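Q: Below is a structure I'd like to ask you about.
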Amino acid sequence: MSEEFPTPQLLDELEDQQKVTTPNEKRELSSNRVLKDIFAGTIGGIAQVLVGQPFDTTKVRLQTATTRTTTLEVLRNLVKNEGVFAFYKGALTPLLGVGICVSVQFGVNEAMKRFFQNYNASKNPNMSSQDVDLSRSNTLPLSQYYVCGLTGGVVNSFLASPIEQIRIRLQTQTSNGGDREFKGPWDCIKKLKAQGGLMRGLFPTMIRAGHGLGTYFLVYEALVAREIGTGLTRNEIPPWKLCLFGAFSGTMLWLTVYPLDVVKSIIQNDDLRKPKYKNSISYVAKTIYAKEGIRAFFKGFGPTMVRSAPVNGATFLTFELVMRFLGEE
């Protein structure tokens, strides 16, 4: 894990950074960059929801099914009993929330990369603060890329956990009209809060998001850095490659965390008044394994992997194109 790669977006900033001479100018450049990261991440998150919601609804229905079922059966029953628009049940909350979550993921990831850039430079006693932007401290070991993504995942979990729980509970409602337990996102929030369950599933979310996003950003940044190593600037990398890199990164994320995501979904969909699974990762794992074996941890795996490529390809491509539109070199 000692191999180093050029930090994407940091290398392409070098020309601009060479022109910065005063502390105020450096602070202004840093603030502008943070705002761009947040805005581009928000738009990327919206694209993620629009592309991925139908896949996600199917996945959650499979994960939380109490009897054995198949993807085709879920799709057939959902369309027959609830209509095509049922694929977008619970979409309002993630549409608003996932944009914020993705902006946090990207924003924290970029902030951590700059932290490690300065930290690595500080270990060189012969390097002045003016040299930092031009030295090999602009490259990071793979382990630091992982920590950057992991930190973004853990921080983001405090937003993602309640948002995902609301979406899961709305997605798994099969009743219509007055028989529904939750009338919508706000009603769901009020009832979860009243039961003290709004943050249920936070710990498994933190583990999943931390390791998952560590892998996610590590894979993507390494692939982009390889392209930069061939002599291209970040803005010269073809959009189709950025989309492909994002798709591959998302696939690797889910390969590493999927069983835990199943456990998390079950905990977050458990009965609020009489929880069956005691809000315990180990209890859920033992219970579902005893009932269905190892296959219980891979319910909905097919739709998730099919979803992963287009969703994450769209997320990273949108982020990169927005950054280019904003004039980020």
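Residue positions begin at 1 at the first shown residue.
Cβ atoms are placed via backbone N, Cα and C, with glycine included.
According to Swiss-Prot, the record shows the following:
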- 1-27: region 'Disordered' (REGION)
- 1-33: transit peptide (TRANSIT)
- 34-115: repeat 'Solcar 1' (REPEAT)
- 38-58: transmembrane segment (TRANSMEM)
- 84-104: transmembrane segment (TRANSMEM)
- 140-160: transmembrane segment (TRANSMEM)
- 143-226: repeat 'Solcar 2' (REPEAT)
- 205-225: transmembrane segment (TRANSMEM)
- 238-325: repeat 'Solcar 3' (REPEAT)
- 243-263: transmembrane segment (TRANSMEM)
- 297-318: transmembrane segment (TRANSMEM)
Q: Determine which residues of the chain contact the transmembrane segment (205-225) at the Cβ level, with the cut-off under 8 Å and only residues 6 or more beyond its ends counted.
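A: Cβ under 8 Å, 6 or more out: 5-8, 105, 109, 142, 145-154, 156-157, 160-161, 164, 234, 237, 242, 245-246, 248-250, 252-254, 256-257, 260-261, 264, 312, 316.
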Q: Determine which recorded stretch among 38-58, 140-160, 297-318 has the most C-beta pairs below 8 angstroms with the transmembrane segment (84-104).
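A: It is 38-58, which has the most Cβ pairs under 8 Å.
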Q: Over the repeat 'Solcar 3' (238-325), what is the model's average pLDDT?
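A: The average pLDDT of the model in the repeat 'Solcar 3' (238-325) works out to 92.
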Q: Using DSSP, how many residues in the repeat 'Solcar 1' (34-115) fall into helix, strand and coil?
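A: Looking at the repeat 'Solcar 1' (34-115) with DSSP, the answer is 71 helix, 0 strand, 11 coil.
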